[in-house]
Amino acid sequence: MRPPKFRFGLRLKITAYISLVVILTAAVLGWFLVRQQIQEIALHLQEKGKVLARNVASASEYGVLTGNNTIFEGIISGLTREKDVAYCIIYNDRGEILARTQVLPRHIEGISQTSAYEVTERALKTNELLIQPFTKDETKTPVYDIAVPIMTQKAPSLSGEEVIFGMGDESRSEGIPEKIGVARIGISLDTMNEEISQGRRTIRNVTVMVVLLAIAATVFLVRLIVNPVQQLVAATERVASGDLDKPVSIHTNDEIGELGASFNKMTDDLKRYRTELEAYSHTLEQKVEERTKALRLINEELYRTNQQLEAVSKLKSEFLANMSHELRTPLNAIIGFSEILSDQSYGMLNEKQLKYAQNVVTSGRHLLQLINEILDLAKVESGKMDLHLETFSVAGALAEIANFARGLAAKKEIMIRQCLSSKLITVTADQKKLKQIFYNLLSNAIKFTPNKGWVEISTDVVGDFELSEGDRFVLRRYAEFCVRDNGIGIDKADQERIFHEFQQVDGSHSRQYEGTGLGLALTKKLIELHGGSIWVESEKGKGSAFYFTLPVTDTDVIEPLGTPADATMKVTAAKGASAVSHEQDVVLVVEDDPHSFELLSTYLGEAGYRVVHAANGVDSLEAARSIHPAVITLDIILPDKDGWKVLEELKASQETSDIPVVITSVVQDELKGFSMGAADYIVKPIGGRELLERLERLRGAAASARISKVLVVDDDAKFVDLVADMLEGQAFSVSKAYTGLQGIEYASKHKPDLIFLDLMLPDISGFEVIEFLKMEENTKDIPIIIVTAKDLTDEEARMLNGKIEATARKGQHGKQEFLDEIRRAERLARTRKGEA
């Protein structure tokens, strides 16, 4: 930005400010002097006029009493010689002019007869001395018009006795004052005006001279002050441009002189610092160049190392992925067909054949466990292990775990005991991972416990004070689990080492008891992933106690969700499931591996399901649309399009979106599967019992989620009848309620499968109906669809969030739209039942 061509410098500003103050002061002082002079001259003229008027009145007393004009002529003749007297008039007590100046000046003509009469009358009636100024216009001269009453002493009237005997009052003998006329004179203001004009000229000239002298003195003084400052400014500009060689020369003995000396010292210091900085800069440049060269070499080495690590990591990921697919797929067939052989479903086996088949199953499962542990450990270390947290019954989960442990312990006649705390009812964790933790701990406990020993599972709630962000100690609650045994125990030196990968107590134990040393390492990482910790308390030969904790909330500890018996999962054996007839249910198996399909087909066929096979994604979509199966089992790895794409298209199509899809694959990505609409997710290898349990649960959920009874709550009778006519033709049973209270009463007594609800009701609002239904135990799970003409506000939408299935606008929903909403509610209910 260019600087302005002209700027107000410090010298000009100071001069202008001081000159302005001097001029204003001189002007005010001159005005005051002129005003004072005017007042003094005017007062002098008035006093002079008063004296003359009184003298004329006193001298005219005798003339008025005697009518002697000679006296008047003498008085008037004397007044005309006065410089300031403009006129003189003498009146009698009747207002008649007795004498006046011979020729009245022109200004007397401006005084009207009325005005003269009033002045005279007033002067006659009072003893006042009247002064009336008459100001001039274009033709008249201004005057002070002064009127004074002419007084005389009137002799008192005495009675005869008072005259003869001299008995009169002394005060009466002096006489009574009486007005016999008025003396009136005019004092001209011309002289006063001339004197005022002369005084003004004198004061103006003096003022101008004083102002000029003051400005000249100001300019001189400002130069003395500003010149050193300007030298400092010029020196500052030189320093700013890098010139440090020329000092500023100011030799005044004041603050500016001190400022100049300090500035010179600062310049010298800067000069010295710049010299030192140049030397340092040169040295630093050399060091930076050396360091840059070294860092470049290091970065190149790091880049090469990073490339190698990324390549190794990629190879590791590819290896794990290939191992997951290539090992789990044949293992799935090996374990599955071996189980079928062991069950002797297709013919009896001799003792050796049965033993060999069982050995194959046991070895396959052991190999599968090892693969799973390696893969899980790799996922945890790479941060790819996801937790699916849920709140569940501790007693129910541990009951299933204890049943598993009893199966392992039966061969060694080991007793499994449980000691569960009444304080810990539920816990929030990944239930599958928690079971895996217990499986590892119980397997180890049973492995290292002698025959006829015991293993105990116990729970408790513990608290510990921890330092919070606000530097306050807060009590944190944890669920504490313990797996205790009376086995061989662990030496203190080995208690930390056993939680590391591929580490066991010593080589002899490894050979005697088998194992890879991965179980406890994976267990520790899974617990830490939950935010907990694990430790062991043990002595050699006295058994071991493995403790681990998980963080809990107050709800997890205090509020029971049901009795342990209610929370325990009911397990149905495969043979028991086969007794149930599923001939009406068709299962579409989407699987490209023929061995895996044969295994799944065997499981399903024995349970009574009718199986349809699709070996690729295209065939699966066509089959789903044509036969509409009860369930679809879907592999993710398919030859033409992957299972994710198939799942996406199934859920996007209105024909197939309501078919439950169970993913059966070696790919572990449950979160993605459930988020895309899968009803269940099973990771290969798949056991027959597990598969049939999942399908049975889906069938139960589908049956319980089927909607047949519908309640319509609306005060508009025509709308209620319309919805009833639409749905009753589709085999729905429709009930009607025209107020909120009627709807609550009917829902509480008959529990419909679905409620269509209006928000604007005559007695209570739809919001209150929803709140009541969601609080009642027998109505809280009934799906509700809002059908209203009301525009919902953001606050109302937040109130309804999570409490209803959908909202629909009146007038925009026909028969098909209502049926679609019902199907959607069925799918949501089926999903919830399946998850439960």
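Glycine is treated like the rest: Cβ placed from N, Cα and C.
Copied from TrEMBL, the annotated features are:
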type     : residues : note
DOMAIN   : 223-275  : domain 'HAMP'
DOMAIN   : 322-554  : domain 'Histidine kinase'
DOMAIN   : 586-699  : domain 'Response regulatory'
DOMAIN   : 709-825  : domain 'Response regulatory'
MOD_RES  : ASP635   : 4-aspartylphosphate
MOD_RES  : ASP758   : 4-aspartylphosphate
TRANSMEM : 14-34    : transmembrane segment
TRANSMEM : 206-226  : transmembrane segment
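ASP635 (4-aspartylphosphate) falls within neither a helix nor a strand when secondary structure is assigned with DSSP, and so counts as coil. Around ASP758 (4-aspartylphosphate), a 10 Å sphere centred on its CB holds 24 further CB atoms from the protein chains shown. Taking the Cα atom of each, ASP758 (4-aspartylphosphate) and ASP635 (4-aspartylphosphate) are about 44 angstrom apart. Cβ environment of ASP635 (4-aspartylphosphate): VAL590, GLU591, ASP592, ASP593, SER596, GLY643, ILE663, THR664, SER665 lie under 8 Å away, each six or more residues apart in the same chain. Broken down by DSSP into helix, strand and coil, the domain 'Response regulatory' (586-699) contains 52 helix, 23 strand, 39 coil. Per DSSP, the domain 'HAMP' (223-275) is made up of 39 helix, 0 strand, 14 coil.
Taking H, G and I as helix, E and B as strand and the rest as coil, DSSP gives the domain 'Response regulatory' (709-825) the counts 51 helix, 23 strand, 43 coil.
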